[in-house]
Amino acid sequence: MAIVETVIDGINYFLSLSVTQQISILLGVPFVYNLVWQYLYSLRKDRAPLVFYWIPWFGSAASYGQQPYEFFESCRQKYGDVFSFMLLGKIMTVYLGPKGHEFVFNAKLSDVSAEDAYKHLTTPVFGKGVIYDCPNSRLMEQKKFAKFALTTDSFKRYVPKIREEILNYFVTDESFKLKEKTHGVANVMKTQPEITIFTASRSLFGDEMRRIFDRSFAQLYSDLDKGFTPINFVFPNLPLPHYWRRDAAQKKISATYMKEIKSRRERGDIDPNRDLIDSLLIHSTYKDGVKMTDQEIANLLIGILMGGQHTSASTSAWFLLHLGEKPHLQDVIYQEVVELLKEKGGDLNDLTYEDLQKLPSVNNTIKETLRMHMPLHSIFRKVTNPLRIPETNYIVPKGHYVLVSPGYAHTSERYFDNPEDFDPTRWDTAAAKANSVSFNSSDEVDYGFGKVSKGVSSPYLPFGGGRHRCIGEQFAYVQLGTILTTFVYNLRWTIDGYKVPDPDYSSMVVLPTEPAEIIWEKRETCMF
């Protein structure tokens, strides 16, 4: 009774206060509680140091969201490579550098979960039953199904299709119109997402599907892409216009794929050597005998194209801007391409998949772009069992998150000389080559979708690592290499003020801030 009376007396006292005093208490109590909680948390020796923050729940979201790499470096200087911060109600434990890559990417499946970290974000975009909306074992098999369309023989067929799409874009898009113009200005944040989706749909989904992928269809993918924002990560569904457009785009794209799948099945028109759709229609039965439904295949197609879209659109936009800042690098690539074609006695139309492997300046430019501008600045896993951090007394409790940032290591002077300088030639050195993970590493593991390098302690991991390593790395190099050689063979360009735009971290994928334009002119070898 004494406790009840005390509570009643407290309520009566609160009600007797003025409105101003009541509001002050209501606003002040959460802040006081937050400060006390942080102090008590800091006393625990089994927890990574927590970055101090003033605003409850919101935490360090502003400083992290605006400049994540600067935020990481500032925290590292104060706490070391391991620390935690509050992000919109979630405690993120960060482990920077190659040891952090090893800790997160090679963590046991029983200890961390990418599915629990991303499912609420990706399922409204991709659809149900695929990627993170299924057990990890299913995802590993889905990746294996997709890899049947990502073979060397497939890449050989893709190169001329990708080049043809780019050349057609040069003729038809208002940014270029190369049959009518000799010079002009192009916004790479318009051109590169479109070129990427047109080339990917043509090569991966076939000629019939490409005819459906007009600019209005590309806009649907743009609406889907807007579902990958920080607000979507926190609030998967809100009654807001961009959520409605995301959902409408998902339904329309999925229905389009379903129609094509149904048509091919009814016609019996399925060729295992044609494209990704046919490959999935043939290879889509799990080890336990369960078959993917056509709806799940359609959803997986969305996920695959979206994954590649992010990497290639952002990477090609960035390398066009950097090469515009340093046109002499374009000339190095141009001479390399021209000399190779001269030996063959042909022009750009004769450039093959095998030729792309003989162009070190092209591949080094892509590699350097991915170093400076990794599409995802942070990668999360949700902790499902208490997780001890090696060589420390820290334990990450169940329900918290671990965060790794290869992009931080890519741009840190601890691992790369002059990291802020765009220098493709750095990859010619033996030390730099040793930093990159080889496709043919002898230390390999098979998570269910084919062997990948087990080693993830490299400071350079643009395609991630472990069981969630991107399976599209080689396709990305084929697509990006063809885009780069086609641009350089036909055009020479600069950027205004010879200054590359700053990165925009407001979305989940790091893109250039607007305006992001190149000023182009035709080369003498231009094909129009």
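Glycine is no exception: its Cβ is also placed from the backbone N, Cα and C atoms.
Per Swiss-Prot, oteseconazole binding site is recorded for Y64, H377. The itraconazole binding site annotation in Swiss-Prot covers Y118. Look at Swiss-Prot and you will find G307 tagged as posaconazole binding site, backed by a large-scale study or a structure entry. Among the features that Swiss-Prot reports, heme binding site is placed at C470. Marked as transmembrane segment by Swiss-Prot: 15-37.
Feature annotations (Swiss-Prot) mapped to structure.
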residue: Y64; record: oteseconazole binding site; DSSP class: helix
residue: Y118; record: itraconazole binding site; DSSP class: helix
residue: G307; record: posaconazole binding site; DSSP class: helix
residue: H377; record: oteseconazole binding site; DSSP class: coil
residue: C470; record: heme binding site; DSSP class: coil
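Y118 (itraconazole binding site) and H377 (oteseconazole binding site) have their C-alpha atoms 15 Å apart, to the nearest angstrom. Counting residues 6+ beyond its ends, the transmembrane segment (15-37) has Cβ neighbours under 8 Å at 53-56 in the same chain.
Relative to G307 (posaconazole binding site), the binding-site residues with Cα atoms inside 10 Å are C470, the candidates having been Y64, H377, C470. By the criterion of other Cβ atoms within 10 Å of the residue's own Cβ, the least surrounded of the binding-site residues Y64, Y118 is Y118. For the binding-site residues H377, C470, the ranking by surrounding Cβ atoms (within 10 Å, all protein chains) places H377 first. If you measure from the Cα atom of C470 (heme binding site) to that of H377 (oteseconazole binding site), you get 15 Å. Of all the Cβ atoms in the protein chains shown, 18 others lie within 10 Å of the Cβ of G307 (posaconazole binding site).
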